[in-house]
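Enquirer: First the structure, then my questions, so here it is.
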Amino acid sequence: MNYLSTTISQLKQSSPAQTEFYQAVEEVLRTLEPVLEKNNYYAKHSIIQRLVEPERQIMFRVPWQDDSGNIQINKGYRIEFNSALGPYKGGLRFHPSVNASIIKFLGFEQIFKNALTGLPIGGGKGGANFDPKGRSDAEIMRFCQSFMNELYRHIGPNTDVPAGDIGVGAREIGYMFGQYKRLTGKYEGVLTGKGLLWGGSYARKEATGYGTVYFADHMLNARGENLQGQRCLVSGAGNVAIYAMEKLYQLGATPIACSDSTGTLYHAQGLDLSLIKELKEKERTSLLRYLNSHPRAQFIPISEYPSGGHTIWRYKADLAFPCATQNELTTRDAEALVSNGCKLVSEGANMAASQGAVEYFLKAGISYGPGKAANAGGVATSQLEMAQNASMQKWTFEQVDCQLLQITKDIYLRASETAREFGAPGNLVLGANIAAFRRVADAMIEQGVV
Ligand SMILES: NC(=O)C1=CN([C@@H]2O[C@H](COP(=O)(O)OP(=O)(O)OC[C@H]3O[C@@H](n4cnc5c(N)ncnc54)[C@H](O)[C@@H]3O)[C@@H](O)[C@H]2O)C=CC1
Ligand SMILES: O=C(O)CCC(=O)C(=O)O
């Protein structure tokens, strides 16, 4: 494990105060020992040192004017991490917590996730420390246009293809696409998650949530079970959470709790998903409003969360789907889930479980699908959108969904077979990391020192 401590201490020198990034690197490097020991040519080619250093990091000022005429300044990022397998691909996050550490951890994860899909896409990520909450439509548009005024010179359908993430959905992608077209005069597949009327793919909006549930189904099938009748906790109430809940209902399971940045909603008889869509996709308001229609449901505000954890993971359920944000499931949450009989965790969010929680799940022997495997259906469907754009085609919802189902199955098989090959059956963290690493590292070696 010498290479692990050496790498982390070098990163602490060269990229200070990037805790989420160190966490993501450590999680991957911990599991690579068997493959690095077996093949010393990875060390000879300095693959680890090259992998942890982004190919390019772009940081820029995003000035814009709010509705009162005040000038606001945000910080924008695009980290083009690794292009060994294809054009950089990964979402944009607009959230006040965004900083270089968060974008780098997300970009690093994206390299491995994209490799696992088996598709020709490299890894990148971007965003801004902009808070869309409470902003008018016109303010969102001006921000997106200003963000694109810098980003457009770095992206292109064969170089870097951004998409959505927290705070960036079809509306924001639309405003950014419009500005890109205006600046370049080109109508091309430079972003994914586009509107269905103008180049978007059917099922991209649903893909991450659906894929996370398909992945859970593959994990359950391996235990001789399926989703029918399972009671589920789904954190978040955004794009990923909503479509995870939709697919759970379609496959016979019942989501009983979800959450947003204001608190946790619990409804024992099963959540009213059409009301949640109305509150979140149309009105963009707090889940608290759910109680107006369902006074028997419970809403626990974040001020009443247990210390060192989150209320949502304290309810009794069979399956857990963290679909909000990183480190939203702590070791204490993991202990509570397992002691309440939870047998599976499938991550819709990136790095949702803390390192301690991951170790706890693996020791407890429950099924655990790490984000880079379990939520890869989203980026895979983005690649299907790129393929449709490049060939000027539009496939049906069923065609795309069918490919998504197959891709998630292939990812599951790749991760689980690799785990078995390295003597750790069922450890999808190790399996996913090694399977992805080999693909990226071998491509880097074949392309020389670049
Ligand atoms: N949108 C996509 O296609 C993909 C998203 N993801 C990951 O899924 C997660 C959710 O993303 P989306 O649903 O797209 O975003 P979103 O903006 O549609 O929804 C995010 C949800 O998480 C909650 N949330 C965000 N930050 C929070 C915080 N600090 N504390 C508590 N709640 C918080 C929000 O209230 C909201 O309900 C993120 O981790 C993202 O990186 C992963 C793969 C693809
Ligand atoms: O669809 C994409 O290109 C990226 C999605 C994403 O950001 C992710 O997988 O975390």
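Keep in mind that glycine also has a Cβ here, set from the backbone N, Cα and C atoms.
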Enquirer: Of Lys89, Lys133, Lys186, Lys363, which does TrEMBL put in the substrate site with Gln110, Lys113, Gly164, Ser382?
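Expert: For the substrate site that includes Gln110, Lys113, Gly164, Ser382, TrEMBL also lists Lys89.
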Enquirer: Quick check: with Lys89, Gln110, Lys113, Gly164, Ser382 left out, which same-chain residues have Cβ atoms within 8 Å of the centroid of the substrate site Cβ atoms?
Expert: Gly90, Gly91, Asn114, Ile121, Gly123, Lys125, Ala163, Thr192, Gly378, Val379
Enquirer: For the C-alpha pair, I'd like the distance in angstrom between Lys113 (substrate binding site) and Asn239 (NAD(+) binding site), rounded off.
Expert: 19
Enquirer: Distance between Gln110 (substrate binding site) and Thr208 (NAD(+) binding site) at the Cα atoms, whole Å?
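Expert: Gln110 (substrate binding site) to Thr208 (NAD(+) binding site), Cα-Cα distance: 14 Å.
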Enquirer: What does DSSP call Asp165 (site 'Important for catalysis') in the simple three-state scheme?
Expert: strand
Enquirer: Could you list the residues of the same chain, at least six apart in sequence, whose Cβ is under 8 A from the Cβ of Gly164 (substrate binding site)?
Expert: Gly91, Leu92, Ala170, Glu172, Ile173, Gly193, Asn239
Enquirer: Could you list, ordered by sequence, which of these recorded positions: Lys89, Lys125, Gly164, Asp165, Thr208, Asn239, have a Cβ under 6 Å from ligand 1?
Expert: Gly164, Asp165, Thr208, Asn239
